[in-house]
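What follows is a set of notes on a single structure, which appears directly below.
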Amino acid sequence: MEPSKLFTMSDNATFAPGPVINAADKKTFRTCFRILVLSVQAVTLILVIVTLGELVRMINDQGLSNQLSSIADKIRESATMIASAVGVMNQVIHGVTVSLPLQIEGNQNQLLSTLATICTGKKQVSNCSTNIPLVNDLRFINGINKFIIEDYATHDFSIGHPLNMPSFIPTATSPNGCTRIPSFSLGKTHWCYTHNVINANCKDHTSSNQYISMGILVQTASGYPMFKTLKIQYLSDGLNRKSCSIATVPDGCAMYCYVSTQLETDDYAGSSPPTQKLTLLFYNDTVTERTISPTGLEGNWATLVPGVGSGIYFENKLIFPAYGGVLPNSSLGVKSAREFFRPVNPYNPCSGPQQDLDQRALRSYFPSYFSNRRVQSAFLVCAWNQILVTNCELVVPSNNQTLMGAEGRVLLINNRLLYYQRSTSWWPYELLYEISFTFTNSGQSSVNMSWIPIYSFTRPGSGNCSGENVCPTACVSGVYLDPWPLTPYSHQSGINRNFYFTGALLNSSTTRVNPTLYVSALNNLKVLAPYGNQGLFASYTTTTCFQDTGDASVYCVYIMELASNIVGEFQILPVLTRLTIT
């Protein structure tokens, strides 16, 4: 064994230390070792941290995935439930809005037909109140107050020759007699009609009586309809009823009139409105008449006048058109003081500064002819279930939506409400609005008006308000010429031009002459059919159309005031024609 390099032995037996490692070298070695150990520990720690982080991430990802999967499952379950609920709701909506109304209408028609069948026979053995039931022929029931055309397509029209039928409107019987102001309403079960019989020529502020009739549509042997009169009432009680409007109601007719023996201009100059009358006539010969004072009348109106055109029975309410003069310092007068509506014909606009035109439009509501009263349109609304106590209110539209108040008519077609307003002020074209009411159990009801832009023809007018004038100015002119819409109006762009309506116009810009049957679109007349000789004097016209659902024939009755050279100044004539649509 090699001797130790650390120690050596000498001869004198003493020990001496051998070579020794340097202390500095040992310190460096320890430092390197520590650095190495720390590095290994650091790397190990980092690896542990990274590994733990990755494990945590994987665990979290798995949990999130599970959560997302759970949420997705719940969403799919909810979507399935919603789809099922939507399907049920669609079935309910279709049932309520389509199937049920059709079923009810079918049952109603069947019931009416059954009643018409059983209510026949001799009066002694009949179980009905009268020999003939107040029910239109079944062929017409489902074609009344319906839009004839609903496809918005382009159509052509032809108006047939007047059909020869007995007139349901009696004429005057003396040279100085006068029958004027016809009002006609056709309901699903029956029709109602009225006109004024003036005793001294056509001065309606003197003395007059009121003729009222009700009847049904029947089919003649020739195949076309006839207006069969079943009941007549002649109100000759000394009251000078004026401007009466009629409406068909369950089992009878309702009529709204006002009573006055002074000039219309004097009514506007006063401060207290004339007497308002509501008359109910039923098929069992019951006649009930009440003086009414609708909410909003006293203190607001100098005068209130029925609209002449027919009213409607709608949602258990009786609605009539009206208009009149508003007192300037009344709450209604103050509220509407700055309101005005100025329509514009884009094909024939009025030139001038807009501010000036607006001021002129505002002034047009205050004609000096009517003592500078604001002339305002309104609606008389009466709750039918309280009709015997005449619980009525006046619902006043905003003048920001309507022109100056005038005569008018309320139409109910396919459950849509429309309002015709006579063009009495400066606007020369037909005025037709879609309207919607908001009725309240307490407080003031309201109405919204949406103007239908018609520019196809003008009414005759005098002075600055002839049929050629399109600029705002104050005047009282024009003539009552109500239209009958054949199609619903749509606000959808591009199809409004296919809105069609028919009526009888007076083909002159200044004179009430040349009665002419027509069919019109918004911007152009489709067909014209003059009635009588050129220059024939005429006045008010009112039109109603219906369909024979048995053979799909369309009929229109144009009721016109025509000049008479034999008996009286006017003869009211119902002209029945067949309307062909292709």
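Just so it is clear, glycine is given a Cβ too, placed from its N, Cα and C backbone atoms.
As written in Swiss-Prot, here are the features:
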TOPO_DOM  1-34  topological domain 'Intravirion'
TOPO_DOM  56-582  topological domain 'Virion surface'
DISULFID  Cys178-Cys202  disulfide bond
SITE      Arg180  site 'Binding to the glycan motifs of the host receptor'
DISULFID  Cys192-Cys253  disulfide bond
REGION    240-245  region 'Involved in neuraminidase activity'
SITE      Lys242  site 'Binding to the glycan motifs of the host receptor'
DISULFID  Cys244-Cys257  disulfide bond
SITE      Glu264  site 'Binding to the glycan motifs of the host receptor'
SITE      Tyr323  site 'Binding to the glycan motifs of the host receptor'
DISULFID  Cys350-Cys471  disulfide bond
SITE      Tyr369  site 'Binding to the glycan motifs of the host receptor'
DISULFID  Cys382-Cys392  disulfide bond
SITE      Glu407  site 'Binding to the glycan motifs of the host receptor'
SITE      Arg422  site 'Binding to the glycan motifs of the host receptor'
DISULFID  Cys465-Cys475  disulfide bond
SITE      Arg512  site 'Binding to the glycan motifs of the host receptor'
SITE      Tyr540  site 'Binding to the glycan motifs of the host receptor'
DISULFID  Cys545-Cys556  disulfide bond
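Cys257 (disulfide bond) sits 6 Å from Lys242 (site 'Binding to the glycan motifs of the host receptor'), counting Cα to Cα.
The shortest Cα-Cα distance from Cys556 (disulfide bond) to any of the recorded positions (Cys192, Cys244, Cys350, Tyr369, Arg512) is found for Cys192. Cα spacing between Cys475 (disulfide bond) and Tyr323 (site 'Binding to the glycan motifs of the host receptor'): 16 Å, rounded to the nearest whole number. Residues of the region 'Involved in neuraminidase activity' (240-245) grouped by DSSP class, helix first, strand second and coil last, total 0 helix, 5 strand, 1 coil.
Non-local contacts of Arg180 (site 'Binding to the glycan motifs of the host receptor') by the CB criterion (under 8 A, 6+ apart in sequence, same chain) comprise His195, Asn196, Ile198, Cys202, Asp204, Ser539, Tyr540, Glu561, Phe570, Ile572. Taken residue by residue with DSSP, Arg422 (site 'Binding to the glycan motifs of the host receptor') is part of neither helix nor strand, so it is coil. Classification of Cys465 (disulfide bond) by DSSP places it within a helix.
Nearest neighbour of Cys244 (disulfide bond) by Cα distance, taken over the disulfide-bonded residues Cys192, Cys392, Cys471: Cys192. Cα of Cys471 (disulfide bond) to Cα of Cys465 (disulfide bond): a distance of 9 Å. Rounded to a whole value, the Cα-Cα separation of Cys545 (disulfide bond) and Lys242 (site 'Binding to the glycan motifs of the host receptor') is 26 Å. According to its DSSP assignment, Cys350 (disulfide bond) is coil.
Neighbour list (Arg512 (site 'Binding to the glycan motifs of the host receptor'), Cβ cut-off 8 Å, at least 6 residues apart, same chain): Pro460, Val479, Leu506, Phe537, Ala538, Ser539. Listed in sequence order, the recorded sites near Glu407 (site 'Binding to the glycan motifs of the host receptor') (C-alpha within 10 Å of its C-alpha) are Tyr323, Arg422, out of Glu264, Tyr323, Arg422.
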